[in-house]
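See structure below.
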């Protein structure tokens, strides 16, 4: 038994020596960080090597003196006992129960970051090993199995802790089972950061619970939020609940990130990381209040990045992000105003009313000559009328005065400063004249004067609403205003009401909702007037004389001329309007017929006047026509309009004429001739007697007897043959064979007959022309034969 106890004590002392070496390595770094940050650890957290050894030895003696409980405990009993131990603390139920610092220790190669939860009776395993005589190897194996058993039990009770935020902080023990056996439950309750009875542990709670002092796994380049967070615990446990919400949420950030975030905060930009840091985090920095002459946002940034050993200023550790002060906002306004003045001086629209004068010698103003002004300006903008400006400050002040005056005029107010006289425009009774800046309302019948710009805005809104009401066709009178209309039912009653401003309407109402209703009534009334009707309400007196429905019921009058019809429903208007439309159409048609008859009678009188004028013409024209016909020969011709084949093609389709008689001699006028064309079918042949023939020169007709038509002499026989028409027919047959081919399908089988017919027609036309040229002395035989072509169907 003594050998077993010595073996256990040796293992325990070896672990203590390693722990003390680690603590000695970490103490200088802890002291340096505590001096830099100005914080101290509590005595509960600062565990030195000597005190820990003494406390653990006392606990070991107490465990040996305690009676032995039941050695056989199931897994469920161990879980229940561990939960009862964890929830025994009064601080485990609070939301800030994880604020007690836990001392992590280096454990190379460890895989779990959650230490094992100790049992309420850690001496059970020691007593079992002392009472039972087992070889050392068996005892060591049993010890390892129970260690694994406790680790699996704690893993079942807790959520997984391998999260990205906890990968850089591995704080298990080398032999948590041995430390749990010889360490008291109270001491482990202080060092354990999972004291809550619940089984929902989150990485954020672990980060809140851990402190940076004993952490040896953190690298020099990275500082987690838990490493830069120093908690000052008080004696009262309830003070933890009074902390703001920002202290309950923390996130990991590196030292470089903290420095960059401080730079961003100093320049007025809020990074995303600093919004979730705790109060004590160095990344949560508030800009220091600057004096009045400095501008907000122009603070010089930090020169160097923060490192884990960089001292933190008190203003950086204990400060909140606050908006700029009133003095800073004033400096902002001054800077913006300065930039605005430069833009004001560069604006040509503002400077167009300023006239620069280089010297008083060029200026016509007597005041400038009296003062011997050199370079100065004159403002000719209304209402300055040539005000003298000699200094740059005066020019800037005057331009700003004009700008403010224009802005106030947009709101309906005239601005007057303390150096302006408002008496010429608004009388002598102003109490603010020559005293302070004030605003006069420019609207008619409005004597309001204000000093505050907020009152100006409110009064401008009143006039804006009033102008909207006027645009709708109404006028509003408030309770203190008099409408000056004695017939108004609200006259002298001090009631806000409305009047309709439309012509002939005296409607009044006090509810603004009735405005749209009355406006709709006027729109409908206008439409009825366009259709020729007028609607009278029951509440109105009918303007029509002797109307029996006046003030009795709603009715509609027809306002058309000569109509006294009264309608009682809007459905009757359609039929009544159609009746008037029909009557108007009949009247318009009658007027059109009368006008048309007058025009026809005037056209009939015109031909009679033309005939009388033609009869009075001299006979010289007829003599010239007879002489030209003698020179041209005895043949007669038709006008050019008759030479076309239009009338020839206009005849009825069928078989060609059976007989085509060739033209005979001009002297044998008594010979029979086949009438090729009816005179009634050719309107061009029927020339009116009153129409004079075209005068043709006798030489022209003699040179070209066959081409130019000769005027028909009154002494020529009308039965003489027309050679030009016959020649044209033959020529058309030669030029258009397809026409006859389509007209007479049988001709395709005897195409030579068409050529013979064309040749014969051409020969006869040439013979007739030669006979006409030889004169009347040469007699030609009477060629009277018939040509009858045969067609095979």
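These residue numbers are counts, starting from 1, taken along the chain as shown.
From the backbone N, Cα and C atoms, a Cβ is placed for every residue, glycine too.
Record check of 97, 215, 550, 644 in Swiss-Prot: the feature phosphoserine is attached to 215. Note on Swiss-Prot: of 498-522, 523-547, 648-672, 673-697, the range annotated with the feature zinc finger is 498-522. Within the list 159, 211, the entry that Swiss-Prot describes as phosphothreonine is 211. Range 556-580 is the one annotated as zinc finger, of 556-580, 581-605, 706-730 (source: Swiss-Prot). Residue ranges 339-363, 414-438, 439-463, 464-488 are listed, and Swiss-Prot annotates 439-463 among them as zinc finger.
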